[in-house]
Amino acid sequence: MLGKLLTKVFGSRNDRTLKNLGKIVIQINALEADYEKLSDEELKAKTTEFRTRLENGETLDNIMAEAFAVVREASKRVFDMRPFDVQLLGGMVLDSNRIAEMRTGEGKTLTATLPAYLNGITGKGVHVITVNDYLATRDAENNRPLFEFLGLSVGINVAGLGQFEKKQAYDADITYGTNNEFGFDYLRDNMAFSPQERVQRPLHYALIDEVDSILIDEARTPLIISGAAEDSSELYAKINLLIPSLIPQDKEDTEDYVGEGDYSIDEKGKQVHLTERGQEKVELLLIEKGMLAEGDSLYSATNISLLHHVNAALRAHTLFEKDIDYIVQDDEVIIVDEHTGRTMPGRRWSEGLHQAVEAKEGAKIQNENQTLASITFQNYFRQYEKLAGMTGTADTEAFEFQHIYGLDTVVVPTNRPMVRKDMADLVYLTAPEKYAAIIKDIEGCRERGQPVLVGTVSIEQSELLNSLLKKANIPHSVLNAKFHEKEAEIVAQAGSLGAVTIATNMAGRGTDIVLGGNWNMEIEALENPTAEQKAKIKADWKIRHDEVLAAGGLHILGTERHESRRIDNQLRGRAGRQGDAGSSRFYLSMEDSLMRIFASDRVSGMMKKLGMEEGEAIEHPWVSRAIENAQRKVEARNFDIRKQLLEYDDVANDQRQVVYAQRNELMDAESIQDTIQNIEQDVISGIVDQYIPPQSLEELWDVPGLEQRLGNEFGLKLTIQEWLDQDDNLHEETLRERILTSWSELYKAKEEMVGAQVLRQFEKAVMLQTLDGLWKEHLAAMDHLRQGIHLRGYAQKNPKQEYKRESFELFQQLLETLKNDVISVLSKVQVQAQSDVDEMEQRRRDEEAKIKLAYQHASVEALSDAGEQQIEAPKTVIREGEKIGRNDPCPCGSGQKYKQCHGKLS
């Protein structure tokens with residue numbers, strides 16, 4: 001109450017932000033008359049003037065008003081479109097490391113040109129990021145004339161480009177592309193073997209379209225570059241046959257309840273658990289099939305892999321449904337995006353789940369993948385110096401944007417008042433009653449000529465409605481993962497008089513639904529249309545547009561509430577664009593998954609009290625509130641999952657940053673001779689200390705062991721015992737120096753034989769290849785550690801703390817092994833000439849050619865912390881512009897100085 005009162009008096013934070021930015025809008029508008037008088041050449045010259053002023057010390061804030069005024073004037077001349085004041089506000093929000101919530105149809109694409117131009121002037125690169133290749137290409141080509149008129153270059157970064165084309169795209173002032181491609185390019189750059197192979201410049205400014213989709217919905221999906229691991233397809237097929245014989249039970253066993261089934265399903269957490277009986281039954285079945293030794297346990301250390309396969313098969317059979325979570329096409333299992341309803345060819349679930357689903361469906365089982373490099377979108381995008389985004393629905397996720405990314409959300413007002421009528425939900429007892437009411441509503445709209453967009457949450461639902469509409473003889477279009485080829489065309493015509501369109505979730509997002517149909521597409525369909533033809537198409541469209549408005553505008557019809565309020569708001573937001581008329585209503589039943597899992601008891605109780613009959617619906621604010629509370633619960637749970645994933649990935653990210661920074665330093669260096677000498681001293685000294693402990697008696701020295709180790713690992717054939725017998729003055733320090741001198745002499749002789757330049761190249765190649773191999777093994781070890789870390793909760797230990805501690809130990813091992821392996825290889829390998837270095841490089845390229853990209857879903861199951869009550873707030877990683885100082889604390893969190901920890905490599 002007090003908060004509302006204060007907001008009334010002082011205005012909300014959003015109002016104050018808009019008021020401050022409004023002052024700059026006044027400045028931009030004041031410049032308009034002067035800029036209209038400039039010739040095209042004078043307007044273009046402004047870009048050079050701005051660049052000169054930036055070089056002379058002015059900031060982007062100093063030139064913002066003038067730059068935005070230039071873009072507005074250029075837009076009028078190139079597109080015959082004048083950005084509204086609210087678009088100027090949106091552009092300023094995007095330039096200030098914030099998220100702009102702009103309603104559908106408010107011109108986000110044109111708004112993005114303002115901050116893109118301003119930041120493009122710097123020459124450091126602007127990345128405009130969209131959700132798919134179609135939108136990236138469309139927006140780049142649409143805006144290219146404007147940017148090129150102002151002297152800025154435009155690049156497009158989509159899948160399938162070669163290295164040269166990618167380099168060109170990234171070297172442009174403004175680069176349009178998809179989140180996947182930018183992320184994959186970052187990982188590929190950090191697997192490169194020479195500076196020339198890298199395509200990205202330092203990450204400067206990212207402007208993300210549909211920011212909620214990329215930073216929220218995709219945040220649980222790490223980008224993974226992987227290579228094929230060992231073939232275990234036969235094992236998946238065998239274990240798949242065991243699962244149908246297992247019996248489900250309603251809930252988990254507890255002290256008060258012991259069921260009779262073999263497994264229980266937790267629908268809220270999307271988990272499945274074997275009961276004790278189920279475990280015994282599976283063990284007996286495995287013994288019968290000869291896959292488990294008599295008397296052995298599924299949970300013994302030697303059978304962890306078998307347990308992994310059983311769990312994957314169980315999840316595939318119980319939690320993943322065909323035509324909802326995936327489709328089978330051409331003997332291949334293709335994931336369906338739960339947020340958009342689109343298929344995602346090339347993406348695979350991780351941890352054997354995809355293979356288990358393939359076995360379940362009788363499709364070809366593909367090999368498991370081994371991770372070579374990975375990063376979450378959260379940690380990729382937080383590396384940008386400036387980050388901003390825009391969407392039609394961000395306010396419900398404002399806390400997460402601020403908490404994870406440090407981005408404030410600003411709701412930008414609409415250019416015209418919004419007049420869409422959002423009607424209360426109608427709740428029915430059963431699904432058939434709900435669908436009967438939906439068909440009746442559609443028939444009513446058809447009679448009025450009002451276009452209808454029906455939003456469904458799954459392919460299965462859209463196909464059910466498809467058949468019901470066919471039975472009712474209602475003409476309609478279907479847009480789901482199976483019919484996505486004509487997506488833009490279907491969505492663009494969804495506003496035609498009397499049109500009925502069924503779409504899964506937010507399919508077609510990014511394409512406006514124009515009332516009366518899209519006249520632009522009609523013009524584009526003609527070859528070389530004349531001015532008369534264009535005028536006639538526009539005139540005909542105006543008549544249709546007015547007819548649709550008179551019929552009530554676009555009617556949005558939701559067949560089920562989504563887990564997230566934001567997705568529901570996105571569906572509603574398709575209607576009422578630019579002040580048009582429109583309406584929306586959701587139809588629900590007690591059999592819907594959200595209602596069944598989260599809101600059933602309370603709402604069912606209300607319905608029973610009201611004594612509802614078949615076909616009757618309930619429409620009450622209490623019901624809407626209960627549904628909204630259910631959605632809040634799901635949103636909170638999903639946020640915790642994303643936050644937890646980030647907390648784990650932050651540990652890996654600290655290590656990733658150290659390894660990638662070291663790797664880039666090695667690659668950019670002319671010579672790493674000093675690094676090799678430092679490592680050689682560390683390694684040899686460490687080995688000497690093992691066999692000749694510091695400050696120990698000579699009787700405790702293991703000289704034969706030291707001679708053997710130096711000979712076997714480093715090719716140093718030394719007679720240390722003879723040295724000691726002949727020289728009484730030798731002690732541990734002088735002995736260490738003599739051994740180091742011997743290694744240096746051996747290495748010097750090798751250098752004289754092959755030449756310094758060849759050896760320097762070989763050193764770099766060995767260092768990079770060894771680091772890459774060990775990093776790959778380290779990632780696999782980290783994956784295994786994370787999958788089992790939740791079990792530490794049963795031992796009353798904090799799983800996250802244990803994960804941090806053990807991953808740090810693994811990283812220390814990686815560094816030690818790297819140093820030993822590099823010195824061992826350099827000591828023993830005989831380099832004859834440049835051809836040996838070239839051959840090594842060619843072998844590396846052949847291996848790289850075998851690598852395939854896989855974009856995989858993270859397994860949330862491995863992140864559930866058993867026994868942990870509280871979830872720590874993740875630390876926001878701020879991108880540092882400066883290099884880490886040698887005496888600064890190491891970023892890995894060990895508490896040691898950088899030079900004594902991960903800085904040892906440099």
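Our numbering is plain: 1 for the first residue shown, then up by one each step along the chain.
Cβ coordinates come from backbone N, Cα and C, glycine included.
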Handout entry: Listed in Swiss-Prot for the ATP site shared with Q87, G105, E106, G107, K108, T109, one of D441, D512, D540, D546
Key = D512
Handout entry: Spatial neighbours, same chain, of D512 (ATP binding site) - Cβ under 8 Å, 6+ residues apart
Key = T104, G105, A492, N518, R577
Handout entry: Number of Cβ atoms other than its own within 10 Å, given for G107 (ATP binding site)
Key = 19
Practice task
Could you tell me which of these binding-site residues, Q87, T109, has the greatest number of Cβ atoms within 10 Å of its own Cβ?
Solution key: Q87
Practice task
Please find, for Q87, G105, E106, G107, K108, T109, D512 as listed binding ATP, the greatest distance between any two Cα atoms, in Å.
Solution key: 17
Exercise for the section: Starting from the Cβ centroid of Q87, G105, E106, G107, K108, T109, D512, which together make up the recorded ATP site, report each further residue of the same chain whose Cβ lies within 8 Å of that point, ordered by sequence. Expected result: M102, T104, L110, T111
Fill in the blank from the handout: Long-range Cβ list for K108 (ATP binding site), cut-off under 8 Å, min separation 6+ in sequence, same chain only, gives G90, A100, M102, D209, M390, G392
